Amino acid sequence: MAAPRVAVVGAGVVGLSTALCIAETCPGCSVAVLSDQFSPNTTSDVAAGMLIPHSCPGTALHVQKQWFRETFTYLFSISNSAEASEAGIHLVFGWQVFKNSPEEELPFWSDVVLGFRPMAEAELRKFPHHRSGQAFTTLKCDCPLYLLWLEKRLRAAGAQLYTRKVSDLWELHSDYNIVVNCAGIGARQLVGDKELFPVRGQVLKVHAPWVKNFVRDGDGSAYIYPGIHSVTLGGTREKDCWSLSPDPGTSKDIFVRCCSLEPSLQGAQVIEVKVGLRPSRQRVRLEKEVLRQGEVKLPVVHNYGHGADGFSLHWGTAIAAARLVGECIAALQSSSSRAKL
């Protein structure tokens with residue numbers, strides 16, 4: 001058969017990384033990314049980009065850990081290269097602090113990040129309202145930079161990027177042999193996935209170059225993530241809220257909560273307020289499906305529903321999705337060979 005044509009729907013961090021993984025691991029296939037929005041207008045552009053995963057109850061813990069480890073290893077290699085600055089990836093040390101003792105003494109990702117340990121008493125004195133904490137070094141992506149870097153890598157690998165709204169996967173069957181659905185929250189309408197729901201997040205970007213370490217309240221109510229050009233303050237987790245309009249009252253609450261963790265932020269200048277909808281479901285949907293209309297078949301690979309863990313898990317799930325695409329290509333080639341016989 002001719003070179004397989006693969007369409008990846010969605011241009012957030014999951015879509016771009018999945019497309020890149022396919023282009024690099026499925027030789028001979030042509031890859032196109034189709035999306036109505038590219039950076040800087042994707043949900044991924046709003047994300048803080050910190051590699052601190054949350055456990056997803058519907059996905060086996062060892063699978064989540066593998067995805068996180070693969071993602072951390074991949075981004076660590078970039079952070080340790082000449083491309084680190086362009087890709088917006090850097091190491092950052094900091095603390096996760098708790099008002100009450102955490103349920104898990106060792107989170108499942110503790111041996112993937114660097115130097116994980118309990119906080120010393122001297123460190124805890126910085127956070128008088130918290131009883132315990134964890135210190136470690138992890139990675140941060142400055143999201144718009146990283147997305148643009150992925151786009152550059154895709155073009156270098158021969159992939160095509162098209163601004164196009166896809167309303168039905170079937171509309172692609174005449175031009176592509178395989179479709180990969182990385183539509184994020186858009187998959188709710190695109191494939192009718194009612195298990196998918198938005199979790200609205202609002203963040204502030206502030207100018208505070210003196211803040212060098214991250215701080216995260218263990219209950220997720222407040223976090224401070226220093227980036228290359230700004231510091232991200234968050235956040236909110238509003239389930240089933242579709243509003244993309246920044247709320248001034250929420251911005252004020254976020255600022256107050258973060259100043260209680262880091263009082264020096266009182267002198268920070270707010271640069272912008274951003275809102276995004278995390279594509280959430282009980283588990284990441286990462287699987288193959290064959291759509292049929294009569295005798296016509298369209299192989300589809302789904303990779304979406306990462307919730308707040310898009311950056312923490314993206315490369316690991318991209319590897320898994322590319323493997324499924326490889327299986328689809330092998331099945332198409334086998335079918336084509338049998339047809340010739």
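Note: Cβ is positioned from N, Cα and C throughout, glycine not excepted.
The following features are taken from TrEMBL:
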type: SIGNAL; residues: 1-19; note: signal peptide
type: DOMAIN; residues: 5-323; note: domain 'FAD dependent oxidoreductase'
type: BINDING; residues: Thr43, Ser44, Val166; note: FAD binding site
type: BINDING; residues: Tyr223, Arg278; note: D-dopa binding site
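Same-chain neighbours of the signal peptide (1-19): 26, 28-35, 37-39, 42-44, 47, 141, 143, 146-147, 150-151, 154, 159, 161, 166, 169, 172, 175-184, 186, 190, 303-304, 306, 310-311, 314-315, 317-318, 321-322, 325, 329, 332-333, 336, counting only residues six or more beyond its ends whose CB sits under 8 Å from a CB of the stretch. Rounded to a whole number, the distance between the Cα atoms of Ser44 (FAD binding site) and Tyr223 (D-dopa binding site) is 17 Å.
Thr43 (FAD binding site) sits 7 Å from Arg278 (D-dopa binding site), taking the Cα positions as reference. Each of the binding-site residues Thr43, Ser44 was scored by the other Cβ atoms within 10 Å of its Cβ; the lowest score goes to Thr43. It is 9 Å from the Cα atom of Ser44 (FAD binding site) to that of Arg278 (D-dopa binding site). Confidence over the domain 'FAD dependent oxidoreductase' (5-323), given as mean pLDDT on the 0 to 100 scale, stands at 96. For the binding site of FAD, formed by Thr43, Ser44, Val166 according to the record, the largest Cα to Cα distance is 19 Å, rounded to a whole number.
Proximity of Val166 (FAD binding site) to non-local residues of its own chain (separation of 6 or more, Cβ distance below 8 Å) is seen for Val9, Leu34, Asp36, Leu172, Ala183, Leu190, given in sequence order. Sequence-distant contacts (6 or more apart, same chain, Cβ under 8 Å) of Arg278 (D-dopa binding site) comprise Thr43, Ile185, Pro198, Val199, Arg200, Gly201, Arg237, His306, Gly307, Ala308, Gly310.
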